[in-house]
Amino acid sequence: MFRTTKRYFCTSFNRRKNVVVIGGGHAGVEAAAAASRLGAKTTLLTKSFDNIGQMSCNPAFGGIGKGTLMREIDALGGVVSGVCDESAIQFHMLNRSNGPAVWSPRAQMDRSVFKKNMQKTISTYRKNLQVREGAAVSINVLTEDDGKQVCDSIVLEDGTAIPASCIVITTGTFLGGQINVGLTQLAAGRYGERPSLPLSKCLSNLGFKMGRLKTGTPPRLSSPINISKMTEQTGDEIPETFSFLNLERDFSPALPQRSCYRTYTTELTHEIVRKNLAFAPHMLAGDILSPRYCPSLEAKVTRFPHKARHLIWLEPEGLDPNSWWYPNGLSNSMPEEIQHNIIRSIPGLENCNIVRPAYGVMYDYVIPTQLKATLETKKIQGLYLAGQINGTTGYEEAAAQGILAGLNAGLSALGREPVDIPRNTALLGVMVDDLITKGVKEPYRVFTSRSEYRLTTRADNADLRLTPLAQSIGLLDDQTHWESFQRTKSLLDFSNKIAKEFILSPQQWSKLGMPIPNDGKYRSAWDLLSFTNLDLFCVISCIPKLKDIPKRVLQRLIIEGKYTYYIKRQGTQNKQLNCRDESTVIPSDFDFDTLHSVSAEELMLLKTIRPATIGQLKRIQGIKPGTIIRLLRHTYYNPAKEAWLRKVYMPMYDMHSSEENQSTNL
């Protein structure tokens, strides 16, 4: 009894209101900043302050799906979006030829400026955030009287222990990292930087199921480069920023803008790769998977032998005339001398120099089905994971996880209730739900196509979806962000109201140049926004009361009006699909052993993942519809519900059983 009480006063008091974030990458920075903004005393532990803001791979943020994450991070008060806007040397909105639901902002960075701006931003968090240099080697965990495991402290290389009730691990590719250049293997998490080997062993010893993934980065090039042999791509004249605060302002880029250039590999390139595959063991490690949507050059050549060429984007890494170039699409792990031959076989790069060779990197990760929706581990209270340690790839995915893990660590340290973000609220919620219910077999990359709610979780409306939440929990660091949001929302609400009140007959609309059916039906301007044959800005320009509304607000109004019908249809479809599953909670202490006629494989999945809702249960790969019915019976039962369940799920179950029988017969 005395030891328990003594332990409480010696450790629990010191750990209270204390968050330690391990790793100063994109996930770590967002986690530390989020916890700090909430008011929790936070320590950001990094091997070197000079490496905060380091962009390990490509010099760009955003892209398809990723741009939406960047807007969501900003809507939650994150730091990276604003830093990107101030460090960008090209802004480009992707997917303009498609619908607004998949428009994706992207921006090219000046590496050195981004790094400087990020370090400057973190330095402003002086009230609650301390940046400390050091390397964590282990985590001390206490087992309380009820058997629950809780975080106690982290231990540094020099033996120093830092008390912490909440720990966020964001180690990126450093966890058990090994880089490969040809047959040369080095223990490293990034070129020239030591990996975190003891921490990986510690997590394994704590009982976490671990896996191993791989990725790679292309060589860095320097002049002379012959851009006359390439196709130039300029940025947008009017930049679409990541930060909503900058969208509201008359934003002008802080830096001069630069172009990117397009070139291609050749048959000679592919022949060089094929002849030297034996010297790329990184590629040959088939049991360790690399990103499907960012394949290495070796993977592209072997997977698509019929293709005569592959696209290469040459991206500037900065404004300095001596800045390096990043050949996006040339990731590989060939020996350096082979890389020189590859580069010389590509139009425009025949005479350039390799200043840093391409390399592959293998690293450990924690199987993410061991996490809650808050990114807290199920095994240890107060331990959170974010970024590549969860099996994802990409700056944006890491930063988004970082802000979620950091805010929940901060809330926990302050004794407040946790926050999770559901699938229907944000693309961040889709990513986290995919990770914790499905797990990963290859590095996970966000796409809008992964979301069944992509019409409502767009890049343009991330503030409407998430900023009120951020304000309610104290995640916005000052009132500027909130006041900007309120102004925008007020203008949107006003514009929406006026558009719905502006009602004319077909003849009146025709006189204004709007060819609509002459059916005698009066229609509002809002109704006309769903017409595909009209210039929607011309429709809005017909409304006198909206003449002074900023174009950016009118653009958002048009998007909402354009998608109204489709959003309603999406809602109906998802309601039918989900069958109220997201709100049907499975008790956290439910004993899955009480379920009958459940396979051993399913039982193992249920015990490992412990789904929180029926919605999560349905998304677990390997769970049969019949098992869903049985679990719903145990969750709550009434005869009417039983009949409904059989009507909805049994056709699926019968089809599933039929397919199984067919495969058995084969």
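The backbone N, Cα and C atoms fix where each Cβ goes, glycine too.
Annotation source Swiss-Prot lists transit peptide at 1-16. Annotation comment: Swiss-Prot describes Gly23, Gly24, Gly25, His26, Ala27, Gly28 as FAD binding site.
Mapped onto this structure are the features recorded in Swiss-Prot.
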{"residue": "Gly23", "record": "FAD binding site", "CB count, 10 Å": "31"}
{"residue": "Gly24", "record": "FAD binding site", "CB count, 10 Å": "27"}
{"residue": "Gly25", "record": "FAD binding site", "CB count, 10 Å": "29"}
{"residue": "His26", "record": "FAD binding site", "CB count, 10 Å": "33"}
{"residue": "Ala27", "record": "FAD binding site", "CB count, 10 Å": "34"}
{"residue": "Gly28", "record": "FAD binding site", "CB count, 10 Å": "28"}
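Apart from the site residues Gly23, Gly24, Gly25, His26, Ala27, Gly28, the chain places the Cβ of Val21, Val29, Glu30, Ala31, Thr46, Thr170, Gly172, Gly387, Ala398, Gly402 no farther than 8 Å from the centroid of the site's Cβ atoms, the recorded FAD location.
In the three-state DSSP scheme, His26 (FAD binding site) is classed as helix.
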